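*Asks:* There's a structure below that I have some questions on.
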Amino acid sequence: MSKPIKIEQGIKYRDADKMALIPVRNVAEEAPKEVLRKPAWMKIKLPSDSKRIQEIKSALRKNKLHSVCEEASCPNLAECFNHGTATFMILGAICTRRCPFCDVAHGRPLPPNAEEPSHLAQTIADMKLKYVVITSVDRDDLRDGGAQHFVDCIREIREKSPEIHIETLVPDFRGRMDRALDILQGTPPNVFNHNLETAPRLYRKARPGANYQWSLDLLKNFKEIHPEVPTKSGVMMGLGETKEEIIQVLKDLRAHGVTMLTLGQYLAPSRHHLPVERYVPPAEFDELKEIALELGFTHAACGPFVRSSYHADLQAQGLEIK
């Protein structure tokens, strides 16, 4: 038997090391021997000019900021960076959770950087962004789950960029929802996003430490406090869910007041993560979009490369995203 890994503060644990820390044994050791080959519709054409990409990466490093685009190995990084957009990840780059679908590092994070809100706001102002998405790692080590840091960032951003629209993609604030919502109450974003990620049957496998109903309640409770702010959620496909399960997730979201939806294809970051069970054809995403609109979603971005913050500004305008 191998010795347990000693988690040291500030150290990133990824891939095999991260998976070894997950109490639910269902990842690499139970993965299929043959990895599914990507179909033609999953091929990405990289931009020929990477100058803008390097400029954004340099700006992030200069201001000691993180993007979820990089930390989560998003397949759309090149496209988004090349168009001058990024989803900023606050509260560090080490997550207290260890979800086996996610490429963000796990470990014991350092205390929040008090200068991050001002650095973030200045970077956004320098980039002249009109729409920005702010997300974070899970911070179960903080009494408010990081809610005050979100508020500090929103305030600083709006002070330097008064016309900007801010979307927050928040964690579930496990065990501290009421406290977090109370803190957020005075400084709400323009869009409040929290991802369900998958069907409830797959939570033990894909989201150990999370609870499906808790996440739904977070979305519902925020909406009750701020009925004027759209709520949004994202779901991955290809983890072993059925079409019927996804439709039920959509119904649950609508029953809890959510009006904005993203559906995208799950891609395994490495062989150590949960394997892709199925590549969902574009036509099936189109069908699910029609179902979502029939259920009452006002915005539904559905397609293989759709991610929660992919072209979030266009999503908010209701434009078609695939």
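Just so you know, the numbers here start at 1 and follow the chain as drawn.
A Cβ is built for glycine as well, from the same backbone N, Cα and C atoms used for every other residue.
The [4Fe-4S] cluster 1 binding site annotation in Swiss-Prot covers Cys69, Cys74, Cys80, Ser309. The [4Fe-4S] cluster 2 binding site annotation in Swiss-Prot covers Cys95, Cys99, Cys102. Annotated domain 'Radical SAM core' per Swiss-Prot: 81-298, in sequence order.
Could you give the neighbours, burial and distances for every feature on this list?
*Replies:* In this view, Ser309 ([4Fe-4S] cluster 1 binding site) is surrounded by 28 other Cβ atoms within 10 Å of its Cβ, with every protein chain counted.
In the three-state DSSP scheme, Cys102 ([4Fe-4S] cluster 2 binding site) falls into the coil class.
In this model, the domain 'Radical SAM core' (81-298) carries an average pLDDT of 94.
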*Asks:* Within the chain of Cys99 ([4Fe-4S] cluster 2 binding site), which residues six or more apart in sequence place their C-beta under 8 angstroms from its C-beta?
*Replies:* Glu197, Ala206, Arg207, Pro208, Gly209, Ala210
*Asks:* Counting Cβ atoms within 10 Å of each candidate's own Cβ, which of the binding-site residues Cys95, Cys102 comes out highest?
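*Replies:* Counting every other Cβ within 10 Å of each candidate, the maximum falls on Cys95.
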